[in-house]
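Quick look at what Swiss-Prot lists:
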DOMAIN    1-54  domain 'ClpX-type ZB'
BINDING   CYS13, CYS16, CYS35, CYS38  Zn(2+) binding site
BINDING   PRO118, THR119, GLY120, SER121, GLY122, LYS123, THR124, TYR125  ATP binding site
Amino acid sequence: MANEITEQEEVKCSFCGKPQSQVKKIVAGNGVYICNECIDLSKKIIDDELKADSIKETKDLPKPMEIKKQLDEYVIGQDRAKKVLSVAVYNHYKRISQMDIDSTGTELQKSNIALIGPTGSGKTYLAQTLAKILNVPFAIADATTLTEAGYVGEDVENILLKLLQNADYDIERAQRGIIYIDEIDKISKKAENVSITRDVSGEGVQQSLLKILEGTIASVPPQGGRKHPQQQMIKIDTTNILFIVGGAFDGIENIVKNRLGKKTIGFGAENGLNQVDADDWQKNLTTGDLVKFGLIPEFIGRIPIIATLDKLSTEDLIRILTEPKNALVKQYKKLLSLDDVDLEFTDGALQAIADMAISRRMGARGLRSIVENSLMDVMYRTPSDDNIKEVQITKDVITKHAEPKITYKEDKAEKTSEATK
């Protein structure tokens, strides 16, 4: 036949229609073909869209002053630490956006953060609130549970698993999350001198954390626990995960004061020597002091930003009880209002709660348990007693375990009596 095809028809790109002879390469799929030119064009379109998204993310990212303002709504005091965190977090996420759009090859290094302050000063809460403001996945880990590979305890990769779980196993979201490692001071070296015994929960853990702090592709066991060769692993890039480590670092102030050649405040101070202000050691804290405390230089090098937190005063604790958006007093008022009961705390009660938290050396962390204990009997009774109108917590309820004052609604007339068990 005259019109019989004697040669195989030349393959054409399914997108632009160009035959194979006019392009360098054609990739075949299931009945579909794409040429190298269309691949390059598609890549450019995707890159441009990613660049536009990254620019939008940078514009939408709260500025340091905005972050600080939002932190002020939830966290009382600690202005210095909040400023340091606001700037550091802003620069961190701006850096991530820059990585997506910058073609100059200029690399901005990651800056992890160390929070140093006494127990109950708000270290964990600050990190939690930051993640909430930025709407990123967040995970908390306890450094004291970690051991280096090969020993009984948790692998450092399990920290990443917690973040992945909190991101609903969305790896991309997890890779832009925040991880807070508490009690980091507890994995300091036992002594400056090298020991012949293995420090599996101290320097060894610091060494194990180095890579994930700096940025690496970590293999995470999906079910947690120890890794074994036959197990399927999840790969997580830690390059853009912000790590915040925190600890009380008891005794670090003495290291700073000794370095400055100053004596401790109080009766031990000799005449003629410079007195040390309460916050002087915080202003003069250096990475060298942390090395002296027991953190290895390589570890400190990966946490260049240090923010110190002050010990909370009684006035601070009273403000924490009443002022933030989710203040404890507001929370318990809301709880009892669901049973149509008004809750009030007298000024004396608030003062007593704050004093008790300080005497227990728990700071803000101890407030909830004190308030919870004072309200236990009330919260037990009110759901079953429709006649209760108002509950007042006084100083004696906190300090002497007295009964709260309860106002009843009785035939539209109010009658106040002491609650009975």
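Along the chain as shown, residues are numbered 1 onward.
Cβ atoms here come from the backbone N, Cα and C positions, even for glycine.
On a predicted model such as this, the values are computed, not experimentally measured, just so you know.
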Inset, instruction - Could you list the residues of the same chain, at least six apart in sequence, whose Cβ is under 8 A from the Cβ of PRO118 (ATP binding site)? - result: ALA248, LEU309, LYS311, GLY363
Inset, instruction - Using the centroid of the Cβ atoms of CYS13, CYS16, CYS35, CYS38 as reference, list every other same-chain residue with Cβ within 8 Å of it (recorded Zn(2+) site), in sequence order. - result: SER14, PHE15, GLY17, LYS18, VAL23, ILE26, TYR33, ILE34, ASN36, GLU37, ILE39
Inset, instruction - Determine the Cβ neighbour count for GLY122 (ATP binding site): the number of other Cβ atoms within 10 Å of its Cβ. - result: 29
Inset, instruction - Report, in whole Å, the straight Cα-to-Cα distance of SER121 (ATP binding site) from CYS13 (Zn(2+) binding site). - result: 64
Inset, instruction - Would you kindly give the Cα-Cα distance separating CYS35 (Zn(2+) binding site) and TYR125 (ATP binding site), rounded to the nearest Å? - result: 54
Inset, instruction - Write out, in the order they occur in the sequence, the residues of the chain not among PRO118, THR119, GLY120, SER121, GLY122, LYS123, THR124, TYR125 that have a C-beta within 8 Å of the mean position of the C-beta atoms of the recorded ATP site. - result: GLY117, GLY246, LEU309, GLY363, ALA364, ARG365
Inset, instruction - Translate the DSSP assignment of TYR125 (ATP binding site) into the three-state scheme. - result: helix
Legend entry - Collapsed DSSP category at CYS38 (Zn(2+) binding site): helix
